[in-house]
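Asker: Supplied in structure tokens, the structure appears directly below.
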């Protein structure tokens, strides 16, 4: 079998062979350290009884490692120029299918049903996500309720910090809540910028998201819950009252009544959003939802 793709020499050889030029608009940075790939598949707990969806295979470095350890791999690639390269670099593996398309526009459940020979096997999602589209992809996968046991992503370290953050830290925010509401989040390890070609400006990190059996808190209306959390972080230095009154002007004439009701459930409107944990945000949104419906 040919030398691993994830080395500086082999990557350069492949790119030269096909005259491939990186597209900055697609955030293309290819891994050139096979040790990192092994750590990613170990973190994702890939086995021969696992199906994997990969997003953004590039020239196939991570795909190759996944193919060695998984039952089947289906990879979404948006850049048509990479399709013939992937045909070449992954030709030794009969358990890989590459789907040309944008995962943000795809019906992922349909792809699972059509592309995997055994769609009933446990599914995991693994990706080296382009920085510019990280958040939209993760939120789409969550909101579409894709039946994945876990998701393991390599992404910009700053975003990984935000996803895995805890309350009362500068990284904690609406993105933290949007993901941790459904998933347990663990920052697995840091990936230095030096192991990519071309080298990005910042370090990356691998984050492992494991689906909770039930959402972290009980809410009456999930859409409204996320609306409240986003509003609470609209201006981080402002209090809950300032942010919520700006988002929901109907609260202003009833401030005293609102303060009294929220104090009764242990939430003080002079706090900042970053100090509330997810169960507290659930209590806040449930109360607000009922409060705003009252005449």
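Cβ coordinates come from backbone N, Cα and C, glycine included.
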Asker: Among 77, 158, 184, which residue does Swiss-Prot annotate as binding S-adenosyl-L-methionine together with 29, 31, 56, 102, 128?
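Answerer: Answer, per Swiss-Prot (S-adenosyl-L-methionine site with 29, 31, 56, 102, 128), from 77, 158, 184: 77.
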Asker: A 10 Å Cβ contact count, applied to the binding-site residues 29, 128: which residue has the minimum?
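Answerer: If we count Cβ atoms within 10 Å for the binding-site residues 29, 128, the smallest count is at 29.
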Asker: Which one of the binding-site residues (77, 102) has its C-beta surrounded by the most other C-beta atoms within 10 angstroms?
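Answerer: The most densely surrounded of these binding-site residues is 77.
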